[in-house]
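Straight from Swiss-Prot, the features:
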{"type": "TRANSMEM", "residues": "34-54", "note": "transmembrane segment"}
{"type": "TRANSMEM", "residues": "78-100", "note": "transmembrane segment"}
{"type": "BINDING", "residues": "H84, H183", "note": "heme b b562 binding site"}
{"type": "BINDING", "residues": "H98, H197", "note": "heme b b566 binding site"}
{"type": "TRANSMEM", "residues": "113-133", "note": "transmembrane segment"}
{"type": "TRANSMEM", "residues": "179-199", "note": "transmembrane segment"}
{"type": "BINDING", "residues": "H202", "note": "ubiquinone binding site"}
{"type": "TRANSMEM", "residues": "225-245", "note": "transmembrane segment"}
{"type": "TRANSMEM", "residues": "289-309", "note": "transmembrane segment"}
{"type": "TRANSMEM", "residues": "320-340", "note": "transmembrane segment"}
{"type": "TRANSMEM", "residues": "345-365", "note": "transmembrane segment"}
Amino acid sequence: MMKPERKTHPLLMIINNSLIDLPTPSNISYLWNYGSLLGITLVFQIMTGIMLAMHYSDNMDLAFSSMIHISRDVNYGWMIRFFHGNGASFFFICLYVHIGRSIYYNSYKLNYTWNIGIIILLLTMATAFLGYVLPWGQMSFWGATVITNLLSAIPYIGMTIVNWLWGGFAVSNATLTRFFSLHFLLPFIISAMVMIHLLFLHQTGSNNPLGLNSNTDKIPFHQYFSIKDLITMMLFIMILSFLVLFSPNILGDPENYIPANPLVTPIHIQPEWYFLFAYAILRSIPNKLGGVIALLMSIMILFFLPIFSKNCFSTSFNKWSGMIFWSFINIIILLTWIGANPVEAPYIIFGQILSVLYFLTFFWMPYSMVLFQKIIELL
């Protein structure tokens, strides 16, 4: 009997094994849909980004004007711009939910997949920061100045690295040009890393809500989960479209509608909302080098989760770990709120307390899992 073309053609076989006949645990929930949402959003961001790059000028005298030109003169330019800007926010929402689900259901036990995922997170954060600088408004300019200047905290070579990054002794035309080039390049590197992420995932198979081996209970990805993914994609597009068409600036900063002026400092310099939790941790350390280390460790600590926790139980079965996890989510939300506020009392002390709790959570959760397992064994 003749096999279908998708099972014999060398290229179609790759798509077939990844999207059609992929053996998938039958009990995965909607929380497993965020991976496909991230893939669609990445493609969407690359497409809108290329269209914006066709009309953008990477010159400090023309960058702000080119953004106004895109919004006013280019056919549907305002829509492309707002879809790209708000699409980045939605990308990070999906990314954080995806990571949160992996922590909650112990998916970080798939070491290679998890580590590549964290590298993708770091690359995405770098891409988003570079993109935030491109409109060349007040917050773009001062955000670039403040955040890149943090590298000067590195002993001996810090200031040299900063000058090399800036292309001079201050944020200038050279800085904007290289930031634009890197912002254009990084999404394609992220796409390659996503392929590696999927390669490792399909080697081991996906995790499931029970946290158990599901080799005896798997079904094809298509049509069961492909339809399920399409429903969430439709909801995602509807919500994003509603935001873009009715409140496109709700997630942005009004300061960025003022052209960059190196002589006037904004009252409160802050990054985009999806970096505010890490920014609050940075500000909570009075020492500059200590703050930079804390900022890096707020993300890098995710690499150590598989080392900290060797437990086989999913957090969904462990009420103590569950309470710690949801407390951790509240800590991140509060840190985001504190990062959006000025550096003054009582935000300083609250930020310091929450930063300590943020890092302690990564030690409490594995310990609670071990304790819970010992109690189960005793019973």
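Cβ atoms here come from the backbone N, Cα and C positions, even for glycine.
Location within the structure of each feature annotated in Swiss-Prot.
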| residue | record | DSSP class |
| --- | --- | --- |
| H84 | heme b b562 binding site | helix |
| H98 | heme b b566 binding site | helix |
| H183 | heme b b562 binding site | helix |
| H197 | heme b b566 binding site | helix |
| H202 | ubiquinone binding site | helix |
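Only residues 6 or more beyond the boundaries of the transmembrane segment (34-54), in the same chain, are considered here, and those with a CB under 8 A from a CB of the stretch are 70, 80-81, 83-84, 87-88, 90-91, 94-95, 97-98, 101, 180, 183-184, 187-188, 190-191, 194, 229, 232-233, 236. Neighbour counts of Cβ atoms within 10 Å were compared across the binding-site residues H98, H183, H202; the minimum falls on H202. Put simply, H202 (ubiquinone binding site) is 17 Å from H98 (heme b b566 binding site) when counted between their Cα atoms. Counting residues 6+ beyond its ends, the transmembrane segment (179-199) has Cβ neighbours under 8 Å at 18, 39, 42, 45-46, 49, 53, 56, 58, 113, 116-117, 119-120, 123-124, 126-127, 130-131, 133-134, 144 in the same chain. Panel annotation: around the transmembrane segment (225-245), residues 19-20, 24, 28, 30, 32-33, 36-37, 40-41, 79, 82-83, 86-87, 90, 94, 251 of the same chain, lying at least six beyond its termini, place a Cβ under 8 Å from a Cβ of the stretch.
In sequence order, Q45, T48, G49, L52 are the residues near H84 (heme b b562 binding site), counting only same-chain partners six or more apart with C-beta under 8 A. Within its own chain, H197 (heme b b566 binding site) has T113, I116, G117, I120 as residues 6 or more apart in sequence whose C-beta sits under 8 angstroms from its own.
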